[in-house]
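Marked as coiled coil by TrEMBL: 299-326. Per TrEMBL, region 'Disordered' is recorded for 1-20. What TrEMBL lists as transmembrane segment is 78-106, 126-151, 172-196, 264-286.
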Amino acid sequence: MKPAMETAAEENAEQSQEKKVITRPEMEIGRYHWMYRSSRPHRYHHVPALRGNISPLGIQGCFECCIKCLGGVPYASLVATILCFSGVALFCGCGHVALTGTVSILEQHFSTTASDHALLSEVIQLMQYVIYGIASFFFLYGIILLAEGFYTTSAVKELHGEFKTTACGRCISGMFVFLTYVLGVAWLGVFGFSAVPVFMFYNIWSTCEVIKSLQTNVTVPGDQICVDIRQYGIIPWNAVPGKACGPILENICNTNEFYMSYHLFIVACAGAGATVIALIHFLMILSSNWAYLKDASKMQAYQDIKAKEEQELQDIQSRSKEQLNSYT
């Protein structure tokens, strides 16, 4: 009996040792759970719902919805859009009216012959049509950039569930960066060009102030102080009279057209400067958004690889369980 009992005990010990053998898949699963503790199954506790539209945290659901919506607003893009609209509106509106007043001043006081300033009139009329196009284009472009800001903010913050970045979205953001840079350089030229009529009108105004100050001094006549518009190149040298002196120049400065055109050109120049600042602001926003989208795409690729590895480990775990069941 004794040897039989010992034999049975040895057989049971051998079976228990066979059962304790750990396979390679189990080792891989154990190593994965040790390295990535977050992959362990979580336990969720049920939280009872409260009455009304109040969430379990004690905050109203409508308030949470408003906070979520406000979190998706691209405030930097919104400020840049408002500044861009304001600058373009000032430049286009004031510039259009100021050009019309300039033509009227030239026709009445510096070039009485229509053929002398015919080319200038055509150029000014063409510039007014260009102003219409600039206003329409930047109205649409500002809305597009604002929409792109909403898209990027939503993609980065993942406010709409599975709404993620794509290669097409990143290419569009890069294209907007390049286009905004080109437009910013172009508006720098527009800003410099809009300062030219301000300089011209300032010279005329300062000359009129000199004539007014010389009226008290009889020894220096004001008739010798003149302004020749022909030297600026806007009308030909054979234009008649081409210049204004003394009291005639002072009367020109006292007209409502001169006063309005001078100040409207100043406002138009300020509007062009505001547009340049808005485009620089847009350029910074688009560059940062493009960098965020690039990082988000890398994070998305990492999450996809991690999900694939988790799926492979789950497959290994299921196969190991099937092998253990077949052994038993």
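Backbone N, Cα and C define each Cβ position, glycine as well.
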### Task
Mind looking up the mean pLDDT for the coiled coil (299-326) in the predicted model?
77
### Listed stretch, out of 78-106, 126-151, 172-196, that has the most CB pairs under 8 angstroms to the transmembrane segment (264-286)
78-106
### Residue numbers, six or more beyond the limits of the transmembrane segment (78-106), whose CB comes under 8 Å of its CB atoms
117, 120-121, 124, 127-128, 131-132, 134-135, 138-139, 142-143, 145-146, 149, 190, 194, 197, 229, 234-235, 252, 255, 257-258, 260-261, 264-265, 267-268, 270-279, 281-282, 285
